[in-house]
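Here's the structure, in structure tokens; my notes come after.
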Amino acid sequence: MSRPRADSQGSLGPDDEVVPYSDDETDDELESLEDEGPPGVPPTEEVKSTESGWSVKANDRRFCKLPEFQKKYFLCLKKSKYSGNAIKTYKYNALTFLPLNLFEQFKRAANLYFLALLILQIIPQITTLPWYTTLVPLVLVLGITAIKDLVDDLARHRMDNEINNRKCEVLLNGSFLESKWMNIEVGDVVRLNKNDHIPADILLLSSSNPNSLCYVETAELDGETNLKFKMGLKETDERLQEESQLAQFDAMIVCEEPNNRLDKFTGTMHWRRDRFPLNLDNMILRGCRVRNTDVCHGLVIFAGADTKIMRNGGKTRFKRTKIDELMNYMVYTIFVMLVLLCAGLAIGNSFWYAEIGSKAWYLYDGLNQSASYRGFLSFWGYIIVLNTMVPISLYVSVEVIRLGQSKFINWDLQMYYREKDTPAKARTTTLNEQLGQIEYIFSDKTGTLTQNIMAFKKCTIAGQTFGDPTTSDGVTLDRGRPVDFSWNKYADRKFEYQDHSLVACIRSGKNKEALEFFKLLSLCHTVMVEQNENDELVYQAASPDEGALVTAARNFGFVFLSRTQDTITVSELDQKNTYEMLALLDFNSDRKRMSIILRFPDGRIRLYCKGADTVIYERLSPNSRYKEVTQTALDIFANETLRTLCLCYKDISKEEYDSWAAKHKAASVSTGNREAALDQVYEQIENNLMMIGATAIEDKLQDGVPETIAKLAKADIKIWVLTGDKKETAENIGFSCHLLDDDMQIHYGEDVNEKLRIRQTARREQPPAFGRIRKKVPDPFFEQSGRNALIITGGWLNEILYEKKKKRRRLRLKRLGRRPASSVPQDATQPIDDWEKEMRQVDFVNMACECEAVICCRVTPKQKANVVSLVKKYKDAVTLSIGDGANDVNMIKTADIGVGISGQEGMQAVMSSDYAFAQFRYLERLLLVHGRWSYIRMCKFLRYFFFKNFAFTLVHFWYSFFSGFSAQIAYEDWFITLYNVMYTSLPVLLVGLLDQDVNDKLSQKFPKLYLPGQQGALFNYKNFFISLFHGIFTSLVIFFIPYGAFLQTMGQDGEAPSDYQSLAVVMASSLILTVNLQISLETSYWTFVNCFAVLCSIAIFFGIMFDIHSAGIHVIFPSTFTFTGVASNTLRQPYLWLTIILTVGISLLPVICIEFLSKTIWPSVGDKVQRHRKKYEMEEEEKKKPAPFQRGRASRRSAYAFSHSRGYADLIASGRSIRRRPNVAHPNPRDTLREVPQADNI
């Protein structure tokens, strides 16, 4: 059932067609709004002083350096408020790298702790371990991290240098000289050639095209590949063509301050005692690229950080994973435990010395220290001994694992886009495991989900539908072949169509309606046409849809050849005809249609009209045929998510036209509301129309988008689409990519606002004490059991979240004086205080999160970032943003993970992203494979790492009970130094890099395997304490079994090997074997490298131990290596080998039993998939059955007409683009290349 739409004009709510820039208005704009008087009273004219705005003097660099334009930036130091054109994204330079990097690293609590520990170890009274046992790992950690940071920053330096050193021609000393981008300043005149990137925000002065027309591509700004045109002022175009004229140009530009509004610019040019208004059509923004224009000249208005593209970048945020935050809290927990343990042992030492130590004559050390003072020294001694509970090597190991995982992403051939030679790129090494915990994805639409390529797919003409694969006789085929258009010399070779019957129908000339259909498409449009060097036609359309329709007509024999201010020339099946254009009734978002009135060569006057079915059907003649069959065809097209458009005509008598033309002329010169007057006149002629048929255009999705969205939905990942496009366009794409379906109940802005108002009113009616308590589990907003989706525009978003003109309110308060706020606001829907505003935001987030799909349209870059922030703040969820244009940068930086779509012209999103690849479908593999594996590996690594350090360190704790709490170490000091660095590091590193429970295909086949990451089930405080108790148990076994074996032992030689050093060797050997076999039990994916690492670690331990226990090294360093001959003496005793085997066996047996029982009795989803892995790997996925036909919804039709932007009608009517000026000599223009972006889109 179709939902009625609230008309944007009649609704009391915000206009759905307007992009709201809530806080982004400039001060001068707000002042003009505040100064507006009552309706009908013209505002008093006031000349704004140059100091109040942004002033730019052409060809005068000294002007920007005047004292009045200086601002303080540090203490009393000043600099110009005008930014230079160089950009800087790097963090360090040669002087600041070392101090700044060390400062950042020592902000990490563990590094600071180990620095303090190193200082303690230098103090002789309390040191129990040599200083190098801490210095070596600390230097290793700081060094590796510094090298990684240096490599990352050098990449940023290279990127900045590449951009800053681009070349551009700048007018200096009367002639154009080649200059680097970073040397360009505000006020410079620059010359740009075809295909050049725009270096700054410039005011277009003149170009080689007629009347200063310049075509630009804005892919880097908004991801759209269709060309847009910019126009210089007529005055500058006529007077600023030659180099000498440009050198004498001395205008003063007064305009708005730098801001982030991509859709607005206001200014005034003061030149030759005259003033000229400036708007966005006169500006070319940085990030655009010159196309189809040989040469153009411009004046730099904003440079560098002041440009709109840089202003939209948002703040660069330091991103950390949830595991990082959890790890830091766990390190704090370990530190607290360490302090408590050391305090307990220090108290034990004081009591022991008072009761026993002070009375034993053989323990007298000559120091007359009290028991409490000895306990104090013992406390610091144990801080040093037990320092390995806080593992310094943990951080460097984590960095190595993350670096390896990033390389695996870079090397993944299944994420390599061959067509554009674009591999996936992990641009950060610190967020990989977070990819396995994503709960919400925020995606742009244009260029991210879609290719922004429109293709003419189907049509219905006089009740007959064309577009399916058929022969020329109309026989339907299962598999078609493309139509051969070689008979048409004007045909676009890239156009593909598979219905041969339509071509046969047209070429036969028998079907008059078909001929009229394509004649309408070739005449009723605002497309501009040019001819390139090869005399090929090049179309420039206001939108890809328009270009697709005119190109389709061109291929079917109705070729739009040229136009003047009042004529259109077309070739109709090789017969050239010129029609007189009497009126062009352009498209706008309210009319949702466009019309053209033509006088035919035989004198007839006919109106052609195309538009949305909702507006066309209201204006059809009662005598019009084909209404019902066209309606049925529209339903079928809508079900296939095609963008539809109705075509119709009307014959007009000369008397009727003359009468209407008089009214039209009067409305055209109206000084009041001209647009409304014209709309009324248009209504009078656009009636009693006769239906011809309808077109169906496919807005091509990127490959695999619906399948990717469906797979991610099964992994319980919610996808929100945030786009600047119109509501109907966004909704149509939602259906195309299966984000929405007909079973969903769709809620729009007005519904959402009403539900939130009811919830707010109910909260106000509750008692104050109860009403101010936030519920942990909020009441649901949707009582129905059905599935829900939310579609909301930027205007409604501001209305709902109370983001209403904060700057305007501040300005008003400043002018009127602050008034005391009343307890009840004038508008009952407005918040009473900040708490109520916050609760409103919480309600909105809760409602949106109840929906299966959320689409926010007509939103600004700032609003995109705000929506992401709200979900992060109130849901504490891990978020990912993906986009391809500069308008997505703020959103990408705000989310926990930012992904840029690369391979298009625009690289702004990629430069700000954490990960980049060429196609949206690669997101599935990035999350379900790389993200999931990275999370599992990191969790397994951390659980094991904490375990092995607890097992290692707590042996000292048990030993202290038998050493008088004297801070005596239980192992040899070299074993302590090398334990984490050499003996146990390699196997766990390889698990962190290579382990996988199931392969990549099964990871994608079973998306439910992703759920543990979202729930944080594999690493949390529960897992931490399990690792702690596992370590305690292992340390108990490793100490007490050898201790018991040594109590009453006799060796083969009749001597008792019950000395401290032999005990240390047995405990160390037991520990190394235990922890290396434990990681073997943890390993799910065995390779030769894993096996080698485990055996090699054990071999390295015994090899190094025998070396440092040898007599030779003791002779060289007698004070450093004191365990001379211990290893060889101890390990030749079979009894002690049996002790080691018994210790290892008892340590591992409970682990084996628990693992067996858990996998047998309580298997997880992963365990079940592992159990049947071979079976699943042999299976082939069933082919998907096509969805049964369902009748489409009216709300999904005519997306073209709803989404199409205003055309070039004003430009055509002015005739400015038609008149050719005499050739002007330009010095050495670059060789022009053939650019047919619109043809590429078809």
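Using N, Cα and C of the backbone, Cβ positions are placed for all residues, glycine too.
Note: TrEMBL annotation is automatic and uncurated.
As written in TrEMBL, here are the features:
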| type | residues | note |
| --- | --- | --- |
| REGION | 1-53 | region 'Disordered' |
| TRANSMEM | 132-151 | transmembrane segment |
| TRANSMEM | 329-353 | transmembrane segment |
| TRANSMEM | 373-398 | transmembrane segment |
| ACT_SITE | Asp444 | active site, 4-aspartylphosphate intermediate |
| BINDING | Asp444, Thr446, Asp884, Asp888 | Mg(2+) binding site |
| TRANSMEM | 941-962 | transmembrane segment |
| TRANSMEM | 974-994 | transmembrane segment |
| TRANSMEM | 1024-1048 | transmembrane segment |
| TRANSMEM | 1060-1079 | transmembrane segment |
| TRANSMEM | 1091-1117 | transmembrane segment |
| TRANSMEM | 1137-1158 | transmembrane segment |
| REGION | 1175-1198 | region 'Disordered' |
| REGION | 1219-1242 | region 'Disordered' |
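Shown here: features listed in TrEMBL, placed on the structure.
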| residue | record | Cβ within 10 Å |
| --- | --- | --- |
| Asp444 | active site, 4-aspartylphosphate intermediate | 28 |
| Thr446 | Mg(2+) binding site | 26 |
| Asp884 | Mg(2+) binding site | 33 |
| Asp888 | Mg(2+) binding site | 36 |
Proximity verdict for the transmembrane segment (1024-1048) and the transmembrane segment (941-962), three or more C-beta pairs under 8 Å: yes
Cβ-Cβ under 8 Å with the transmembrane segment (941-962): same-chain residues at least 6 beyond its ends: 323, 327, 330, 341, 345, 348, 382, 385-386, 388-389, 391, 394, 397-398, 401, 968-971, 979-980, 984, 988-989, 991-992, 1018-1019, 1023-1024, 1026-1028, 1030-1032, 1034-1036, 1038-1040, 1043, 1067, 1071, 1074-1075, 1078-1079, 1082
The transmembrane segment (974-994) in contact with the transmembrane segment (329-353), cutoff 8 A, at least 3 CB pairs, sep 6+: no
Spatial neighbours of the transmembrane segment (1091-1117) far in sequence, C-beta under 8 Å, 6+ residues away: 972, 974-975, 978, 982-987, 989-990, 1065, 1068-1069, 1072-1073, 1076-1077, 1079-1080, 1123-1128
Among 329-353, 373-398, 1137-1158, stretch most in contact with the transmembrane segment (1060-1079) (C-beta, under 8 angstroms): 1137-1158
For the transmembrane segment (1137-1158), distant same-chain residues with Cβ under 8 A (at least six beyond the ends): 1030, 1033-1034, 1037-1038, 1041-1042, 1045, 1066, 1069-1070, 1073-1074, 1077-1078, 1081, 1131
Positions on the same chain near the transmembrane segment (132-151), where near means CB under 8 A and six or more residues out: 91-92, 97, 101-102, 104-105, 111, 114-115, 117-118, 121, 387, 392-393, 395-396, 399-400, 403, 429, 973, 976-977, 980-981
Distance [Cα-Cα, Å, rounded] between Asp884 (Mg(2+) binding site) and Asp444 (active site, 4-aspartylphosphate intermediate): 8
Asp444 (active site, 4-aspartylphosphate intermediate) and Asp888 (Mg(2+) binding site), distance between Cα atoms, whole Å: 7
